[in-house]
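As recorded in TrEMBL, the features of this protein are as follows:
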| type | residues | note |
| --- | --- | --- |
| DOMAIN | 9-234 | domain 'Orotidine 5'-phosphate decarboxylase' |
| BINDING | D15, K37, 64-73, T128, R189, Q198, 218-219 | substrate binding site |
| ACT_SITE | D64 | active site, for OMPdecase activity |
| ACT_SITE | K66 | active site, for OMPdecase activity |
| ACT_SITE | K66 | active site, proton donor |
| ACT_SITE | D69 | active site, for OMPdecase activity |
Amino acid sequence: MATIAPHARVFCAADTDSLSSALDLAREIKGAVGGIKLGLEFFGACGPAGVTAVRAEGLPVFLDLKLYDIPNTVAHAVRALTPLGVDFMTLHASGGPAMLQAAVAAATAAATEFNVARPQLLAVTVLTSMDKSDLEAIGVAADPAEQVLRLARMAKAAGVDGVVCSAHEIKALRAELGPDFILMVPGIRPMGADHGDQKRVMTPAEAVAAGADHLVIGRPITQAADRKAAARAIATELGS
Ligand SMILES: O=C(O)c1cc(=O)[nH]c(=O)n1[C@@H]1O[C@H](COP(=O)(O)O)[C@@H](O)[C@H]1O
């Protein structure tokens with residue numbers, strides 16, 4: 001696992017359609033978190049210009065668009081997104097090896113073409129909002145731990161930099177996939193916080209102790225009455 005300052009492990013999910021809200025959040029929590037995650041809601045409303053504006057605040061940006069399509073289409077999407085210069089991007093592991101390999105090749109070529117750092121590509125395994133019964137509903141007989149491991153092995157072999165998984169799978173993934181494969185972990189809830197739609201959950205300190213590189217934390221920070229204090233409390237829990 002890379003050496004990272006405890007608070008810098010946290011990416012706050014700015015799940016908003018408003019550029020001014022995302023900028024306010026970035027300014028408020030800067031110093032207490034390691035970066036900000038922008039998702040489909042933000043990208044749909046604010047587009048590439050919005051991403052560039054948030055990046056200008058100086059925090060690392062994780063652009064979470066969870067690409068999932070045929071290899072050619074994903075490769076072109078990755079090429080179009082790479083010049084934004086974000087630190088992390090997501091695609092669904094279940095798109096399969098050819099899709100993941102096409103994405104890695106496209107990101108590498110586009111980084112050279114546009115003279116930017118290559119974004120780290122993370123494959124989303126089994127969403128943290130899903131449990132065994134949700135997997136059964138989509139025809140997957142494996143339990144989440146087995147399915148995450150299967151997808152993560154395949155994603156590593158396809159050349160991506162890491163995966164998005166729940167904290168419950170970290171130990172098995174670390175043991176099998178080694179210290180350098182990035183584990184980005186949502187479904188994080190401080191003790192006593194509402195789980196909302198998340199089903200595979202752990203506290204920030206437990207997830208880091210298990211071996212997470214980064215934690216994705218949204219509502220426990222963004223819906224707090226004092227967002228800066230909430231982010232700082234998590235940083236303190238982590239040892240910053
Ligand atoms: O890719 C993600 O970031 C992601 C994957 C996953 O399995 N579960 C998950 O919750 N996320 C994202 O992590 C964030 C979690 O937000 P909160 O539940 O509010 O902490 C959301 O922005 C989700 O889109």
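Cβ from N, Cα, C; glycine included.
What TrEMBL says about a protein is an automatic prediction, not a curated fact.
Here the features listed in TrEMBL are painted onto the structure.
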| residue | record | Cβ within 10 Å |
| --- | --- | --- |
| D15 | substrate binding site | 18 |
| D64 | active site, for OMPdecase activity | 25 |
| L65 | substrate binding site | 17 |
| K66 | active site, for OMPdecase activity | 16 |
| Y68 | substrate binding site | 16 |
| D69 | active site, for OMPdecase activity | 15 |
| P71 | substrate binding site | 18 |
| T128 | substrate binding site | 26 |
| G218 | substrate binding site | 19 |
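Checked against G218 (substrate binding site) by C-alpha proximity, the active-site residues D64, K66, D69 yield D64 as the nearest. Among the binding-site residues L65, Y68, P71, no residue has its Cβ under 6 Å from any atom of ligand 1. Mean model confidence for the domain 'Orotidine 5'-phosphate decarboxylase' (9-234) is a pLDDT of 98.
Taking CA atoms as the reference points, T128 (substrate binding site) and K66 (active site, for OMPdecase activity) are 14 Å apart. In the three-state DSSP scheme, K66 (active site, for OMPdecase activity) falls into the strand class. Between P71 (substrate binding site) and D64 (active site, for OMPdecase activity), the C-alpha separation comes to 18 Å.
K66 (active site, for OMPdecase activity) sits 14 Å from D15 (substrate binding site), taking the C-alpha atoms as the reference points. In this structure, the CA atom of D69 (active site, for OMPdecase activity) is 23 Å away from the CA atom of D15 (substrate binding site). Cα spacing between D64 (active site, for OMPdecase activity) and D15 (substrate binding site): 10 Å, rounded to the nearest whole number.
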